[in-house]
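Before I ask anything, let me first share the structure, which is written out below as structure tokens.
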Amino acid sequence: MSDENHNSDVQDIPSPELSVDSNSNENELMNNSSADDGIEFDAPEEEREAEREEENEEQHELEDVNDEEEEDKEEKGEENGEVINTEEEEEEEHQQKGGNDDDDDDNEEEEEEEEDDDDDDDDDDDDEEEEEEEEEEGNDNSSVGSDSAAEDGEDEEDKKDKTKDKEVELRRETLEKEQKDVDEAIKKITREENDNTHFPTNMENVNYDLLQKQVKYIMDSNMLNLPQFQHLPQEEKMSAILAMLNSNSDTALSVPPHDSTISTTASASATSGARSNDQRKPPLSDAQRRMRFPRADLSKPITEEEHDRYAAYLHGENKITEMHNIPPKSRLFIGNLPLKNVSKEDLFRIFSPYGHIMQINIKNAFGFIQFDNPQSVRDAIECESQEMNFGKKLILEVSSSNARPQFDHGDHGTNSSSTFISSAKRPFQTESGDMYNDDNGAGYKKSRRHTVSCNIFVKRTADRTYAIEVFNRFRDGTGLETDMIFLKPRMELGKLINDAAYNGVWGVVLVNKTHNVDVQTFYKGSQGETKFDEYISISADDAVAIFNNIKNNRNNSRPTDYRAMSHQQNIYGAPPLPVPNGPAVGPPPQTNYYQGYSMPPPQQQQQQPYGNYGMPPPSHDQGYGSQPPIPMNQSYGRYQTSIPPPPPQQQIPQGYGRYQAGPPPQPPSQTPMDQQQLLSAIQNLPPNVVSNLLSMAQQQQQQPHAQQQLVGLIQSMQGQAPQQQQQQLGGYSSMNSSSPPPMSTNYNGQNISAKPSAPPMSHQPPPPQQQQQQQQQQQQQQQQPAGNNVQSLLDSLAKLQK
């Protein structure tokens with residue numbers, strides 16, 4: 001049994017033919033045995049039982065052998081799938097046949113038992129012979145099975161060798177492919193490293209101390225954690241880090257001589273926004289190292305980080321006042337700016353890397369930037385003087401002005417922070433030498449070669465948005481060259497208006513805080529004198545219509561019959577103006593110069609208050625540019641002037657309106673002033689002065705010189721001479737149109753003599769006869785009783801106190 005088991009471990013499953021033969025032999029033996037048993041009926045029962053036991057043992061041994069063979073086949077089938085499939089089919093067939101043999105054996109055993117029960121007389125000799133035959137047959141079968149198993153083992157070994165060879169070849173192919181992929185990846189990596197980095201691979205020249213300082217400086221600055229830095233592109237991050245390291249002398253990069261070419265190319269690739277076309281980057285200057293941020297590229301849109309800094313600047317600009325302690329030489333002058341398309345945002349992007357900007361002013365073709373220290377101004381001049389901005393090189397200088405800048409409140413658009421806006425196109429090179437000074441008397445650039453048609457003055461209390469709207473309406477509605485000036489405390493409105501009329505400006509517009517405008521238009525009289533018309537508290541559209549009418553009349557280039565114009569229907573649907581008595585040709589001095597503008601007749605204006613100017617309504621025979629019958633405290637903003645009125649009896653051409661003083665007065669009429677005139681004279685006096693006048697009038701009502709004392713007190717409060725006041729109380733004084741227009745202005749408590757509004761003309765002094773008449777007038781007026789005037793004054797004061 002041991003030999004059979006050993007052979008069964010090595011050999012394969014026997015072929016189906018052999019198994020069938022063995023089963024057939026067993027069946028034959030069983031048949032023979034059954035036949036012999038049938039013959040020998042006399043055999044004892046013990047022998048039969050022994051035979052049965054031996055047969056059962058043989059069957060069990062065969063089953064064990066078959067089981068071992070099946071296990072061997074399963075193990076071999078795992079190594080070779082194809083062989084396993086064929087062997088499994090053979091095993092199934094063998095098991096089916098074996099099952100059939102077992103069934104046959106069982107049937108035979110049952111038959112034998114029946115035969116044994118029937119035939120008890122079988123012989124022992126027959127049993128021994130059968131056993132010998134069975135042993136011989138079993139030996140034959142075992143020898144045949146061992147031979148077939150050896151053959152199957154050799155076939156399986158050959159198959160194993162073939163499969164191993166195939167596996168080795170597959171492994172070799174996969175290893176070769178992997179090696180090729182690795183080589184290609186290494187080549188790509190080395191190629192990318194060579195393209196991107198050209199730094200020297202010699203690590204012996206690395207300054208580890210400097211590297212540690214740089215790393216520590218970057219980590220201590222907390223720059224990497226800032227959200228503004230994290231949103232930057234990779235190139236801008238590198239440039240920002242380099243700029244920060246170079247700003248400190250301890251962490252600045254030092255380039256060895258033999259590595260300068262490589263390092264400069266690397267830094268040039270990191271700072272792609274640099275404008276240098278040279279391959280070699282020059283060493284950084286101290287000003288460049290002090291830059292807080294990389295230089296902006298105006299060809300690209302504003303970044304988020306720049307937008308945040310500009311928003312912070314606008315927020316802080318509103319809080320800056322003139323009381324700040326601004327160091328000297330911290331104001332940068334910028335010249336050669338384009339006339340258009342320059343904004344505060346552009347200048348902020350260019351100059352903010354050099355220091356903290358407090359304020360930006362943009363004028364016409366130049367501007368100013370206020371830093372908080374003079375070093376920032378010097379750095380900006382050093383770095384930006386050679387750079388191209390707006391397609392040209394800017395003129396950068398330290399501003400020579402020592403005055404504090406005028407700070408604007410709010411950003412109202414391009415150039416809104418300046419004091420001057422113009423629609424005229426004036427080249428940068430043809431301006432006067434003082435055009436850069438933003439602190440001159442007028443606060444705007446004065447050109448000696450060019451005069452505009454209209455000047456717009458904006459009060460400090462006026463709305464800038466409305467002022468810009470008025471400017472746009474004049475520019476688009478009239479087509480005239482217009483300048484708009486934002487008034488400042490140092491500006492004298494009267495001087496500005498006087499200069500405008502003297503320079504030939506057609507008219508001026510004053511923008512009020514009540515969203516309306518006041519207009520004064522200038523024109524030449526028949527003898528070359530300058531006259532003016534005044535319109536108070538009108539809309540911007542009406543002001544545009546006035547200037548359009550002036551434009552049309554000037555384009556016609558012919559004398560205008562203003563009396564005839566008053567008969568025509570007004571273009572705005574107003575009724576025709578009344579025609580006063582007098583000649584119908586030429587510009588009479590007593591007529592209103594409305595030029596088709598829809599103004600109510602003078603009779604209607606007498607019943608209306610005269611606005612903020614403190615002037616009495618004109619009479620029916622008095623032109624709009626004529627003087628009032630008595631001197632008034634006329635307020636045009638802060639501008640005040642006092643001018644004697646013309647005589648009503650004599651038609652003399654008007655001079656410079658209320659800006660022109662008259663010649664020696666003519667003999668006045670003896671008509672006393674009425675109550676309305678006295679009320680107009682004292683309506684602007686302070687309350688304490690009114691009380692003093694009332695008490696003095698009550699005490700000195702019976703004295704003959706009461707009027708003179710009261711008039712003297714009024715003169716002292718109005719800043720006029722007593723002699724001039726007495727002449728005005730007595731009547732109208734004449735004006736000489738040929739005399740130059742002297743003017744007495746009172747602005748901020750200072751008496752300033754304005755320049756003449758028209759070119760001076762030759763004139764003769766008044767004859768002695770007129771001087772004698774003047775002296776007689778003064779004496780008669782001093783001797784005149786003051787009862788009626790004092791009583792009227794008392795009534796007027798009583799009304800004012802009510």
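Using the three backbone atoms N, Cα and C, a Cβ is placed for every residue, glycine included.
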To which residue among THR86, THR163, THR174, THR197 does Swiss-Prot attach the annotation phosphothreonine?
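The residue tagged phosphothreonine by Swiss-Prot is THR86.
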Tell me which residue from THR251, THR451, THR560, THR641 Swiss-Prot records as phosphothreonine.
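Record says THR451.
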Which of the three DSSP-derived classes (helix, strand, coil) applies to THR451 (phosphothreonine)?
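The residue in question, THR451 (phosphothreonine), is coil (DSSP, three-state).
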Long-range neighbours only, meaning 6 or more apart in sequence with Cβ under 8 Å: which ones does THR451 (phosphothreonine) have?
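Non-local contacts for THR451 (phosphothreonine): ASN503, GLY504, VAL505.
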